[in-house]
Amino acid sequence: MNLILLGPPGVGKGTQAKLLIDRFGIPQISTGDILRAAVKELTPMGAKAKGYMDSGALVPDEVVIGIVEERLAQEDCQKGFILDGFPRTVPQADALGQVLSGMGKSIDHVVSLSVDKEELLTRLTGRRACANCGAGYHVDFAPSKVAGVCDACSGQLVQREDDKEETILNRLSVYEAQTAPLIAYYQAAGVLRSVDGLGTVEAVQGDILAAIRA
């Protein structure tokens, strides 16, 4: 099964991907992770990416696509994969389709997880991390025993810059601008499966499984 997970920051893609990995025994492919790995291993595409990164430039789509292609050619992807955070744009989706076609493969399902903006803000702005040991908490869903104090080391709990409302609203705006065309793209291809991400982890997982088996 070849699967793409789409959804805004905070919707729960990472959590759901882990459950799907365990169920189907296929790897999760995150572009950030494979980019770092390719650069570290100095694969042909990793070497190209390193040149851009060392100069402070954005890695162009054709190099990112090349790194994705290198990863998809590996043995553990032969029975399927879960793409998380890629593609982000219609040109990337077109390029991915061409790469997969050359391998005799295609995307089976694109699961689009959605949650309303207020819920996403609650999930993301409530995150806290220990400034000392890095332990994670949430003011609503996983609070520390003493407000603002780490259970593990008594360090101070802080809100990261990435979890502040202004930053999150900007990330959501960028996501919406990039991804709305992608949703239409995969809907037209007949592979889009829309799933409500509001619910327990188990309930959302059940809805995903039902959607891809329908």
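Placement of Cβ uses the backbone N, Cα and C atoms for every residue, glycine included.
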Self-check item: Swiss-Prot annotation, ATP site containing Gly10, Val11, Gly12, Lys13, Gly14, Thr15, Gly199 - matching residue among Arg88, Arg127
Solution: Arg127
Exercise. Go through the chain and flag residues at least 6 beyond the ends of the region 'NMP' (30-59) whose CB is under 8 A from any CB in it; none is fine as an answer.
Key: 66-71, 84-86
Practice problem: Give the maximum pairwise CA distance in Å, whole number, for the residues Gly10, Val11, Gly12, Lys13, Gly14, Thr15, Arg127, Gly199 listed as binding ATP. | Solution: 18
Self-check item: Around the Cβ of Cys153 (Zn(2+) binding site), the count of other Cβ atoms that are within 10 Å
Solution: 13
Practice problem: Rank the binding-site residues Val11, Cys133 by the number of other Cβ atoms within 10 Å of each Cβ and report the first-ranked residue. | Solution: Val11
